[in-house]
Amino acid sequence: MGPPANAGGPVFGRSVLTRQHHEIQFLSGNLWTNVLRFAIPVALTSILEQLSSLIDTVMIGRLMGPEGTVGMAAVGANTQLTSLIIVLFVGISLGTNVTVASALGAGDHEAASRAAHTSILMALAGLAVIALGELVAQPVLVLLQVPPETLPDAVLFLRVFLLGMPSVLLYNFEAAILRADGDAQFPMQALCLSAVMNVVLDLLFIGVFGWGVVGSAIATDLCYTTIAVLLFVRLLRLDSPVRIDPHRLHVDRKSLRTIVQIGLPAGIQSAVFSIANIVIQGAINSLGTEVMAASSAGMNIEFVCYSLLNSFSQACTTFVGQNHGARNLDRCKRVLAVCAAEGAVATALLILFAVFLGRQVLGLINPDPAVVKYGYMRLCTIFPAYAFSMFYEVISGYLRGFGMSTPPALTTMIVICGLRFFWIAVVFPASHTFQTIMNIYPISLGLNCVCLIALLLILHPVRTLTKKRVQGA
């Protein structure tokens, strides 16, 4: 027998597999329960993130009095733009998740440690985002046709929000490391604290100090900074290969290359996806403040619910990453089936929620009848299309777990983004209504689902890797 995989690396009191027995069993055990044990905390974590945004919208709508609708529109005008920045780096953090998970599955503790330390330093890219964002905030919002009465608040919100970007990025890389190690609970617990903190700060900054949308942005920045610090302290104290040692913080070129090769296509896919949605937001902005506020309210509900579906994609990526590293290919196939089945049940429940409770939830956010009307129109068009989203997201997550990040990214960019650009440029001018804009969602998501299924059948990673293994034997 040769030396252990982590020879020369740090030694830990418990093995990865032992810790996973108490947390998540990636490589053995019942997949149905283990996927749920992973996906539910991930979903709740994302929901709590989106809940903070929803709380901001509710507080602005309720506490700013007559200016509440304008304030909601200002925040809504920024939703897709801020998402564009965040999802780029969240996508790159998927590279961290896959790289660390695969190394842990293979028992290569030293590689997992190098990837974790490299990822922490990658969050410094947030400083560049601050500088660029401050320069282009107003020109971009003007380009998006934000109405003059909304523009000042929208610019202020964006500039203050971007000041917290390093904390946002650090948190996402930290969470990716912890999840790859089997700890999906702590990021959720930290965000529970953040959600409570956000309510208190919104009440203080908006309700008491009267800072409006700026107060909302400051509250968000402070909350992200708090949870980034909490997760960093957690990583410092782990008894695990991915424990962070400040003296070992450096950029390992091999780890960086692997993370970027896997994560950058996913990040670019999400970013281009957001660019397409920004174009759609520009079309929505042209329909007036009421439609903007309604769309903002609807998007907040959608983001919360979509987090549940996306958690099965993240589960698929992490489980496949670990089992691919351990060369357990049969279990990889079962992971795909389980994630798709559990995601389908979640999707059905969400569709029922939107149809039967959508109006009531929208009314809680903003009681304006016009906001409720247009918001419900959005929910009833988009939620049924989540059936398509769930399947293609799980397939994308499955392929990423094998390191195949570029093919699903290119497919999604070409199909969804190309079709949405065409729709807004050609179809919307001929029928200038909110429903016309909404119709592109089920059309583009459905077509992309078909294309991703075809891509899966073509690439068939398990069959391809099995053939290579046989040929190399």
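Just so it is clear, glycine is given a Cβ too, placed from its N, Cα and C backbone atoms.
Automatic, uncurated: that is what TrEMBL annotation is.
It should be emphasised that the depicted structure is a prediction, and the values quoted were computed from it without experimental measurement.
Per TrEMBL, the feature transmembrane segment maps to 84-107 (among others).
Look at TrEMBL and you will find 119-144 (among others) tagged as transmembrane segment. Here the transmembrane segment (119-144) has long-range neighbours at 77-78, 81, 85, 89, 92-93, 96, 100, 151, 154-155, 158-159, 162-163, 165-170, 172-174, 176-177, 232, 235, 244, 249-251, 255-256, 259, 278, 281-282, 285, meaning same-chain residues at least 6 beyond its ends whose C-beta is under 8 angstroms from one of its own.
Annotated transmembrane segment per TrEMBL: 156-178 (among others), in sequence order.
Look at TrEMBL and you will find 190-211 (among others) tagged as transmembrane segment. When Cβ-Cβ distances below 8 Å are used as the criterion, the transmembrane segment (190-211) is approached by residues 44-45, 48-49, 51-52, 55-56, 59-60, 63-64, 218-220, 222-224, 226-227, 230-231 of the same chain, each at least six residues removed from its ends.
The transmembrane segment annotation in TrEMBL covers 217-236 (among others). Below 8 angstroms of C-beta separation, residues 52-53, 56, 116, 120, 156-158, 160-161, 163-164, 167-168, 170-171, 174-175, 177-178, 186-187, 190-191, 193-194, 197-198, 201-202, 205, 211, 242-246 of the same chain, each at least six residues beyond the ends of the transmembrane segment (217-236), sit close to that stretch.
According to TrEMBL, the feature transmembrane segment maps to 335-356 (among others).
TrEMBL lists 376-395 (among others) with the feature transmembrane segment.
Among the features that TrEMBL reports, transmembrane segment is placed at 407-428 (among others).
Residues 280, 381-382, 384-386, 388-389, 391-392, 395-396, 398-399, 404, 407-408, 411-412, 415-416, 419-420, 423-424, 427 of the same chain lie 6 or more positions beyond the ends of the transmembrane segment (440-459) yet place their CB under 8 Å from a CB of it. Residues or ranges marked as transmembrane segment by TrEMBL: 440-459 (among others).
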Same-chain residues at least 6 beyond the ends of the transmembrane segment (407-428) with a Cβ under 8 Å from one of its Cβ atoms are 265-266, 268-269, 272-273, 275-277, 279-280, 282-283, 392, 395-396, 399-400, 436-437, 440, 443-445, 447-448, 451-452, 455, 459
Within the same chain, the residues 6 or more beyond the ends of the transmembrane segment (84-107) and with Cβ under 8 Å of it are 4-6, 16, 26-27, 115-116, 119, 122, 125-126, 129, 133, 162, 165, 168-169, 172-173, 175-177, 179-181, 241-242, 255, 258-271, 273-275, 278, 314, 317-318, 321-326, 328, 400-401, 403, 405
